[in-house]
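Quick look at what TrEMBL annotates:
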- His39: active site, proton acceptor (ACT_SITE)
- Asp40, Val43, Gly45, Asp47, Ser49, Glu61: Ca(2+) 1 binding site (BINDING)
- Pro133: substrate binding site (BINDING)
- His163: heme b binding site (BINDING)
- Thr164: Ca(2+) 2 binding site (BINDING)
- Cys41-Cys46: disulfide bond (DISULFID)
- Cys93-Cys260: disulfide bond (DISULFID)
- Cys170-Cys202: disulfide bond (DISULFID)
- 1-264: domain 'Plant heme peroxidase family profile' (DOMAIN)
Amino acid sequence: MGFTSLPVRQQNQVVQEVVQDEFCRDQSLPAALLHMHFHDCFVRGCDASILIDSTNETSSEKDAGPNQTVRGFELIDKAKKSLEATCPSTVSCADIITLATRDAVVLAGGPNYTVPTGRRDGLVSNPGDVSLPGPGLSVSDALKFFTAKRMTLNEMVTLLGAHTVGVSHCFFFDNRLSNFKGSGAPDPSMDRTLVAKLNTTCARNRFRYCELALDKSTTSIVSGFASNGTGFQQDFAKAMVKMGSIQVLVGKAGNIRKNCRVFN
């Protein structure tokens, strides 16, 4: 990928400034954007079809059950508006999601990785196309979703927690949320609002993480990540780049929306 006449450095800066501004208001933003990026790429590929609003006549992916918890749309709108003012019809909404997610990950203390650009926006958004791995699935059933997108078992373990929470699995930092260094209380350095949100998210998804930790096919991967934070971050960055390349539209396929919420 490499489609865009706007210098990559310039488009990166525009998106980065928007993400930085929003992150100052809401530190759970990385989790929200990872959630959005995952839900976009695993349905028809990374084509920003998740951003399309429903109308009185037509429903979009936003109406699908799994997407009812997706948020962060206003941030994408803000970045798109800034980019359109700089260089109209040049940077796709699909690229904005990918860039914004990477920038949010960095702000949360995750790895900084190079994001290929040049995606085009999709022309279809159908709630019937939305089929995503739910938190109650077994490891083997969840893996079917990932192998269908040419993702590996290792990449699945890396992403299953990260797309919901942030740059790490819940059980990697559970002790910081409720029993930091045996104190019986959260890590005092963490924002209290963020701790509350993460506790809610982790409680909702703890079954999934227990499954990953206990399943014989993934237990060694989980143990390896838990004991090697650097290795986890490196694998996370690679998995994010690969996920961001799922079924992308390039060349003359799709188009570049002027408004991320509606088709041109």
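Just so it is clear, glycine is given a Cβ too, placed from its N, Cα and C backbone atoms.
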Remark   = Excluding Asp40, Val43, Gly45, Asp47, Ser49, Glu61 themselves, the Ca(2+) 1 site's Cβ centre has within 8 Å the residues His39, Cys41, Phe42, Arg44, Cys46, Ala48, Ile50, Gly122, Ser125, Asp129
Request  = Provide, as an integer number of angstrom, the distance between the C-alpha atoms of Cys46 (disulfide bond) and Asp40 (Ca(2+) 1 binding site).
outcome  = 6
Ask   = Of His39, Asp40, Val43, Gly45, Glu61, Pro133, which recorded positions come within 10 Å of Cys260 (disulfide bond), going by C-alpha to C-alpha distance?
value = none
Inquiry  = At a 10 Å cut-off from the C-beta of Cys46 (disulfide bond), count the other C-beta atoms across all protein chains.
reply    = 26
Request  = Compile a sequence-ordered list of residues in the same chain as Ser49 (Ca(2+) 1 binding site), six or more apart from it, whose Cβ lies below 8 A from its Cβ; state 'none' when nothing qualifies.
outcome  = Asp40, Val43, Ser60, Glu61, Gly122, Val124, Ser125
Query = Taking each of His39, Cys41, Pro133 in turn, which of these recorded positions have a Cα lying within 10 angstroms of the Cα of Asp47 (Ca(2+) 1 binding site)?
reply = Cys41
